[in-house]
């Protein structure tokens, strides 16, 4: 007889685990899913095919891993669940590297939750520019529970909230491609102060003026 718990009551919800690179997002997703095994709760993990760092599994930088189903797009998750390959006893759906999906993943997550599934999602909150990555801003709205993790700044040791990209030792330009699959060869975690993106545009006409004004004000105080 199946154990009675929150997952057996057909009440769905969405959990979002997010933060910069090297914050332990995938490790936290794996931890939450792995503990379900002790309560005999069935789960299934999906990941986007574009993430080629590991094949047919999600893997944290601490070495933990879980098998996963690779999909090209968010709607394929629903197709798989409707197929004969799906175990009808599955209560929890895990989704890793969610930033690589488009906005349709939001609808998929909502549909799953509305139909009794617990959906646990992990992914980057910001791209290398410091802007919302893919569907993440909308997922913040839809999620019932949000866990925002931090890493350690490579420059000063403070809490890191941003992912910095460097190519051949130089900061990536704002106009570079958003997606560049890689790890420590391109990326590091940094705090807000040490996050630099050359040629970043400003929406407000007086933003650059304010930045120059404030820098001069600080410089004059130090004289």
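In case you wondered, yes, glycine gets a Cβ from its N, Cα and C as well.
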Substrate site partner of 178, 179, 180, 181, 182, 187 according to Swiss-Prot, chosen from 101, 117, 128, is 128
Of 128, 187, which of the binding-site residues has the most Cβ neighbours inside 10 Å? 128
Give me the non-local Cβ neighbours of residue 97 (active site, proton acceptor): same chain, 6+ apart in sequence, Cβ-Cβ under 8 Å, ordered along the sequence. 26, 47, 48, 51, 58, 122, 123, 124
CB-centroid shell, 8 A cutoff, Zn(2+) site 153, 156, 191, 194, site residues removed: 154, 155, 157, 158, 160, 190, 192, 193
If I take the alpha carbons of residue 179 (substrate binding site) and residue 156 (Zn(2+) binding site), what is the distance between them in whole Å? 26
For residue 128 (substrate binding site), identify the closest of the binding-site residues 21, 23, 153, judging by Cα separation. 21
For residue 23 (ATP binding site), which DSSP three-state class applies? coil
